[in-house]
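Note sheet for the following structure.
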Amino acid sequence: MSMLEHIKGPRDLKALPDGRLDELAADIRHFLVDAVARTGGHLGPNLGVVELTIALHRVFDSPADRILWDTGHQSYVHKLLTGRQDFSKLRSKGGLSGYPSRAESEHDVIENSHASTVLGWADGLAKANEVRGSDDRVVAVIGDGALTGGMAWEALNNIAAARDRPLIIVVNDNERSYAPTIGGLANHLSTLRTTDGYERFLSWGKQLLQQTPVIGQPLYESLHGAKKGFKDAFAPQGMFEDLGLKYLGPIDGHDIDAMESALRRARRFHGPVLVHCLTEKGRGYAAAEQDEADHFHAVGAIDPATGRPLAPSAGPSWTSVFGEEMVAIGAERPDVVAITAAMLQPVGLAKFAAAYPHRVFDVGIAEQHAATSAAGLATGGLHPVVAVYATFLNRAFDQVLMDVALHRCGVTFVLDRAGVTGVDGASHNGMWDMSILQVVPGLRIAAPRDADQLRAQLREAVAVDDAPTVVRFPKETAGEAVPALERVGGVDVLARPAGDLRPDVLLVSVGALAGTCLSVAELLTGRGIGVTVADPRWVKPVDPALTELAAGHRMVAVVEDNGRVGGVGSTIAQALRDASVDVPLRDFGIPPQFLAHAKRGEVLADIGLVPAEIAGSVGASFLRLAARAGQPSGSGTEARGASGARAASGAAASGAAASGAAASGARAASGPGDAREQGPASPSAAGAGKVPGQADPARPEDASAAHTSGGSTPRTRGAGER
Ligand SMILES: Cc1ncc(C[n+]2csc(CCOP(=O)(O)OP(=O)(O)O)c2C)c(N)n1
Ligand SMILES: CC(=O)[C@@H](O)[C@H](O)COP(=O)(O)O
Ligand SMILES: [Mg+2]
C-alpha cells in the first residue's frame, strides 16, 4: 500500500511524520504520471505543485480555512489529499472534474477555469470572515501566468489596502503559462527570484549554525535579527511590499519544510501576505521537464515511459488550418499582425510567430488588454488578428464593444474552441460568443463549416478594415469538406429537397454542424418532408438571401453549436419578422445551462444536438404545423416513408454520392444514419429546441412559454409575436 493510499483526508496528512513527506510526494508524482497518462489532463502544472499542496494542507485546516486555486487546472494533488483518488475517469462523464468541483468536495470552492479570478474570490471571502468575526484563513494560490490578468490586479489593489485583514496569497511561480510568462511582472518576479541565492545562502548558514554546539543557536538568533536589515539593505524591495503586502520569499516550492515554515509564518501574520514560491512545471517527470513547448501543460493520453502521445491525430485540426492560412496571409499582407493571450501554441500562431516574429504579440493572460490594444494597433494602421478560445472572449466583451466596434476598428477575432468543448467542463465551452456578440453594432460573425471555408472566411475577415470581424470554429479535427451545390447571395445551399419533394423545411446549418444538418435532412427526407440545407457562412448580419430562401419554405429550423438564447436562431427569427416573412422557426442549440464535463460528442448527444433528435423534433413540429393548417403533411406523404422518398446520400455520407449529387445539382439531404421514421424528440431533449419553458410554434398549448420561436405563431396569437 503506497503512502498516498493511507491519506484519506487532510487529517491523515497532518498526522504523517515529517520524515515520510518526501516519500508521499514521490508516491503522488508516480500516481499523477500513471493516471494522467491514461486519461489526459494537466500533468505538468500538477507535477509542479506536489510539495506546495502537501504543505498547504498540513498548515491550514481546510475546509474551515479556504484553499482556493486560480484556474483550477493544478488542483489534482489537492483532490488526492482530500479523499478523491479514483482518477480512472478524470474529465470523463461521471468521473472527476479536471477542476475543483463543489459537488465533489467541501474542500473545493472555485469551479471557474477562467484565469486570474482567485484573488477576487479571496478578497470577498476574507471580507466575509472579517464581517462574521471568523478567524479562519483564506489562502489563494495563483500562478505567475494568472497574475498577468487584469482581474488579479483589481483584487490586489483592494487586498493590499486592508493592512489588518488576514489573507494569504501563494504565488506559484514556475515562470510559465504554457510558454514562459511575459511582461514586466515576470521580470519583477525574476528579480525577486535572484534573491533566491541569498535565501539559499541563508538557509545553508542556518543549518550550519544550528548544527554547531553551544554557540550555534544564539549566534543564529542574533544573525537572524540582523538578516532583516541585511535583506532590506541588499535585496530588492519588491513591488508587493511597496503595495502594502508582506512579502515572504522566494521560497523553494519543492522543499516541504521550507514551504511549511513560510506558510506557518504567513498564517500567523494578521494582514495580507504574499508567499512567493518557486516551482517547476512538470517537476519530477523528465518528459515534461524537457518538453520545450509547455512542459506538458495539458496532454492527451501518452505513453508514460516516453511521454509520446498515444492517439494519433485524426487529421488536420481547425487550429492548424487557421495557423497555416495565417502564415500565407502574413506573406501577402504586411499589415496583418497577431495577438495571443499567453496561448501562442494552443491557438495556432506558433508558425506565424516563427515566420514574422515582430508581428505577433503575447499580452499574457489578458484578453481585455488584447482587445483594446488591438483597437490601438488597428488605429495605427495595422490589421490585428486576436486569437483566443471562444469562452475567454467573454471577459473582453466591453472592450470589443466600446473600443473595437465603437471606433469601427478593423480587428479580426479568431475564436478557437467555439461551441461545446466538453472535457474541460462548464466554463470552457465556447457557447456564448454568438449570443453576446449579436448586440455589437457593425460586428460581423463567420462560422465556417469546414477547412476550405475557414481559409476563405478568414481572408474575407481580414479584408474588412472598418469593423470587427469574428471567425469561430470548434475544437479538434476539421473533418471532411462539405461542398455547396450553389451560392445564393452569400448563402451556400448544401442540399435541395430530394426527388419530387417540395421545399417544406429550410434547415439553416451554422458552422461546423453541417454534417449533422445533412444527416437531419436525410432523415426528414425519409419521412417525405422536403428539406433545403443552407449554410449562411456569415451569420451576422443575416443575409437577405436567407430570408428570401425562408419565404419559399413552410418552416425554418436553425441548428447552431452555440447557446440558443440570443443565438443565431433568435437573430434569424428577428430578421424574418423584420422582413415580414411569416414562416415559423425552430432553433436548436445549447440550452441556457452550465454543462457538466464529458466528451464533446457525449454532451452534444445529451443536449439533443444530434441528427435523430433534431430530425424527430423538426419532423414532429412540421407535421403538426401542416395538420393545423389543414395542409398535406409534407410534399411527400408519411405513407411513402423511406421507400417512397429517395433517401439520397451526399458529402457527409460518401464522397462519390456527393460528387454525383453535386453534378446533378439535385442532391437530397445527405448523411449517415438510416431514414427510418423518427419519433418526436423525447421530452428530455433539452437542447434540441425542446427546452423546458420553450414553446413549439405548432403547439399553442405551450403559449405560456417564456420564449417562443420567431416568425409566424399559431393562429391563437398575433403574427410575429415572440
Ligand atoms: C482567461 C483565461 N485565458 C486563458 C486561459 C487558458 N489557460 C489555462 S491555464 C493557463 C496558463 C496558466 O499559467 P499559470 O497561472 O502560471 O499556471 P501554471 O499552469 O503555470 O500552474 C492558461 C493561459 C484561461 N484558463 N483563462
Ligand atoms: C486550463 C485551460 O484553460 C486550458 O489549458 C484548457 O485545458 C484548454 O484545453 P485544450 O487546449 O485542450 O482545449
Ligand atoms: Mg505558471
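For all residues, glycine too, the Cβ spot is worked out from N, Cα and C.
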From His6, His42, His57, His73, grab the residue that TrEMBL records in the same thiamine diphosphate site as Ser113, His114, Ala115, Gly145, Ala146, Asn174, Tyr285, Glu367. His73
Recorded thiamine diphosphate binding residues, His73, Ser113, His114, Ala115, Gly145, Ala146, Asn174, Tyr285, Glu367 - maximal Cα separation rounded to whole Å: 32
Which of the binding-site residues listed here (His73, His114, Asn174, Glu367) have a Cα atom within 10 Å of the Cα of Asp144 (Mg(2+) binding site)? Asn174
His73 (thiamine diphosphate binding site) falls, by DSSP collapsed to helix, strand or coil, into coil
Given the binding-site residues Asp144, Glu367, which one's Cβ is surrounded by the fewest other Cβ atoms within 10 Å? Asp144
Listed binding-site residues adjacent to ligand 3, that is, members of Asp144, Gly145, Asn174, Glu367 whose C-beta is under 6 A away: Asp144, Gly145, Asn174
